[in-house]
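*Asks:* Encoded as structure tokens, here's the structure I'll be asking about.
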Amino acid sequence: MQKFDAIIIGSGQGGVPLAKKLAKAGWKTAIIEKRWIGGTCINDGCTPTKAMIACAEVAYTVANSRQWGITVPGFQVDFEKIVARKNEIVSSFRGGATKGLEKTEGLSIFYGTASFNGPKVVDIKLRTGSTETITADQIFINTGASPKIPDLPGLAQVPYLTSTTLLDLQVLPSHLIILGGSYIGLEFGQLFRRLGSQVTIIERTALLKREDTDISAAMKKIMEGAGITVYTGATVKQAEGNGDAVRIVLNANGESKTITGSHLFLASGRAPQTKDLHLDTTGISIDEKGFIPVNDKLETSVPGIYALGDVKGGPAFTHISYNDHLILIKNLLHKGNETTTGRPVPYCVFTDPQLGRIGLTEKEARDKGIEIQVACLDMSRVARAIETGHTDGFMKAVVEKTTGRILGAAILGHNGGEIMSVLQIAMMAGMTATQLREMIFAHPLYTESLNNLFMSISD
């Protein structure tokens, strides 16, 4: 049995830099990966989806080029080339991450499936078919999450796609039915609509249900304006298959409907990958959804075992997983006292327009009993948006009335994520709405519109 100082299970966006830094600090380190180096983000998450979204944006621009005074007759979408481009980018990213691990001294890579055989003992079923057992005093679980399959009558008899298998399609769907109106469903829905598919999105509650109702309503309007059929407040009763067709029976607004499409995509959330870990042998108890509970230092209930990234629950974003590894490095290597408490959780929905979000929503602030003002500005009043022809959406900021502090923001607009990031920095610096209202920004950037955004509220 090989003895290591540290074992990292999973090579996601937290696991890879953690393994490299521990090894470079002199720790004898092992990292175990059952699929590909890079985790979900590089292989079937952020990287491939954003690469394909970029292609869809070009297709949309060309298809609508007349509004800019340019005519492009007879253009075609080559889906095979779009997929090939995506695969090249993924391969490049994956290869870079793999080489980075391989050239790190003191770091051993094991390709296989890991399972615990005691609190500090890990069995690895290697891809070669053999098994190896290793041990370490410090073990880090970074196994991530995978698409959740809903309990839906008839689904087992119907071919369906997940966010992983959808990326492997070689033929453009004629009609893609999407179950789920979260960011995954919306990004893929708009992507395939722009490439030429008919798209139907079915959501049990509201689109982006965690957002304020005005954001949700605006996003629905944008999706419908793109030619996507959207059912919200809908209950799916049955999935059926008939040859090349898929049928979904649903109830919406008190009426029963049957939607027929060529492909069914499940965008109903993600579940933690803890089943194969045999955590019961460690003394760690998972929660009712399968996530590994941790404290604010990412420690599990068993000393020396940590969890980082999506597997621990909470915000499931690549940048949060990366920040998790920074907390661990500062605490373990530099005797720090870093925690997850109070850290900002920015995120961006990569629809067009983007939704950039940071901090409290209006509803969250009011539920907390905070006296607030809400600043709003339509993108149709933003100079840069008018000039570039991207006037969909609006900007919104939640401001504490007594102090002028910015508590949160939602930027539904072109480059909304970039504008949100400026507000995040302002929030972390403790800047007030008045300061941003009076700040000099270069004209005519999108961020200059922050002047006008905060003119909509008083001191």
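Just so you know, glycine gets a Cβ as well, placed from its N, Cα and C.
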*Asks:* Given that TrEMBL annotates Gly180, Gly181, Ser182, Tyr183, Ile184, Gly185, Leu186, Glu187, Glu203 as binding NAD(+), state which candidate in Gly112, Gly118, Gly269 belongs to that site as well.
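*Replies:* TrEMBL lists Gly180, Gly181, Ser182, Tyr183, Ile184, Gly185, Leu186, Glu187, Glu203 binding NAD(+), and from Gly112, Gly118, Gly269 it also lists Gly269.
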*Asks:* Starting from the Cβ of Ser182 (NAD(+) binding site), draw a 10 Å sphere and report how many other Cβ atoms land inside it.
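*Replies:* For Ser182 (NAD(+) binding site), the 10 Å Cβ neighbour count is 17.
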*Asks:* According to DSSP, does Gly180 (NAD(+) binding site) fall in a helix, a strand, or coil?
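*Replies:* DSSP assigns Gly180 (NAD(+) binding site) to coil.
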*Asks:* To the nearest whole angstrom, what is the C-alpha distance linking Lys50 (FAD binding site) and Glu203 (NAD(+) binding site)?
*Replies:* 23
*Asks:* I want the residues beyond Gly180, Gly181, Ser182, Tyr183, Ile184, Gly185, Leu186, Glu187, Glu203, Gly269 whose C-beta is within 8 angstroms of the mean position of the NAD(+) site's C-beta atoms, in chain order.
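*Replies:* Checked against the 8 Å cutoff, the neighbours are Ile178, Phe188, Gly189, Ile201, Leu207, Leu208, Ala267.
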*Asks:* For the domain 'Pyridine nucleotide-disulphide oxidoreductase dimerisation' (345-452), what does DSSP give as the number of helix, strand and coil residues?
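*Replies:* Residue counts for the domain 'Pyridine nucleotide-disulphide oxidoreductase dimerisation' (345-452) by secondary structure: 41 helix, 33 strand, 34 coil.
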